[in-house]
Amino acid sequence: MKIKNWLKYASLKLKKTSSSPNLDAEILLSYVLKKCRTWIISNDFIKLTYDNLIDLNVLLQRRMNSEPISYLIHVKEFWSLPFLVSNSTLIPRPDTEILVEKALIYLKNLSNAKVLDLGTGCGSIALALASERLDCKIIGIDCVKESISIASKNAKILKLKNVSFLHSIWFSKVDNMFDMIVSNPPYLSFSEMKNVDKEVLFEPFIALFSSENGLGAIRHIIKYSKKYLYSKAWLLVEHGWKQKDKVQSFFYKYSFININTYRDYCDSDRVTVGQKQ
């Protein structure tokens, strides 16, 4: 079977489960053949080997079952950087780039700042910040050991030495003070489980869903973060688009000042910031 024939075949198979069947087919081919998509399109007359077809059809079946494309090719781009991912880590979303963007703004007047990333996953937030601010010391923590392993591999791949990763359940192993804490915690409620896209359910439950109608982890972070923040230090938390008022109320309850909420690139409330007095 030629490349162009497999692309047509795969695209038809993926129409029921993917919003971008043509792109998905090209990405899978690129991964198996270890060629860029431009090469694939330009050389679609080439015949695929038997081994190629075996590998492609295994991946195609998994994608037809709604498994995220990032888990199939083991990589996801975030902040224009490539990140290894696995089913033990949340897949980085474009919405989260607003958290990085705002963190960099609040760090602008600080040199050699110490930053903590709570629930680091594959390390996308910590490493994005580290790549932009080589003078800063970034620590990423996660309760899943495999996530720490993957985040550490990403740091090596990106050759970033100003970041380290620690296995910890929130603040349980943290004994440092920081100029900033950032977090993209789980913030979906358990009741939302039945409404999310099927492919989201392939991602780790612990990284998606939280108690207290999705606000349990956020409340915990806001309540206990002050112990680890210097005076005038900042806390930035990502949350759901309907959670702004509740999240702001937690910041006020625990005596933060200069509280503000920022919208993501889809104009939805996404990140709330507060400063320790």
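Placed from the backbone N, Cα and C atoms, the Cβ positions cover glycine too.
Cβ environment of Trp170 (S-adenosyl-L-methionine binding site): Leu118, Gly119, Ile141, Cys143, Ala217, His220, Ile221, Tyr224 lie under 8 Å away, each six or more residues apart in the same chain. Here Swiss-Prot flags Gly119, Thr120, Gly121, Cys122, Gly123, Asp142, Trp170, Asn184 as S-adenosyl-L-methionine binding site, drawing on sequence analysis.
With a cut-off of 8 Å between CB atoms and residues at least 6 apart in sequence, the same chain places Ser210, Gly214, Leu215, Ala217, Ile218, Glu238, His239, Gly240, Gln243 near Tyr187 (substrate binding site), listed in sequence order. Annotation note: Tyr187 (substrate binding site) sits in a coil segment as assigned by DSSP. Residues or ranges marked as substrate binding site in Swiss-Prot (evidence: sequence analysis): Asn184, Pro185, Pro186, Tyr187.
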Margin query: At a 10 A cut-off on CB-CB distances, which of the binding-site residues Gly119, Gly123, Pro186 has the highest count?
Written below: Gly123
Checklist line | Which listed residue (Gly121, Pro185) has most other Cβ within 10 Å, given these are binding-site residues | finding: Gly121
Notebook entry, point to check: Going along the chain, which residues six or more apart from Cys122 (S-adenosyl-L-methionine binding site) have their CB under 8 A from its CB?
Noted result: Lys76, Phe83, Leu84, Val85, Ser86, Thr89, Leu90, Pro92, Ser147, Ile150, Ala151, Asn154
Next item on the list: Taking the residues Gly119, Thr120, Gly121, Cys122, Gly123, Asp142, Trp170, Asn184, which the record names as binding S-adenosyl-L-methionine, find the longest CA to CA distance and state it in Å to the nearest whole number.
Entry: 16
Checklist line | Candidates Thr120, Asn184: member of the binding-site residues with the richest Cβ shell (10 Å) | finding: Thr120
Item checked: Cβ neighbours within the same chain of Asp142 (S-adenosyl-L-methionine binding site) - under 8 Å, at least six residues apart -> Gly119, Thr120, Gly121, Ile148, Ala151, Phe165, His167, Ser168
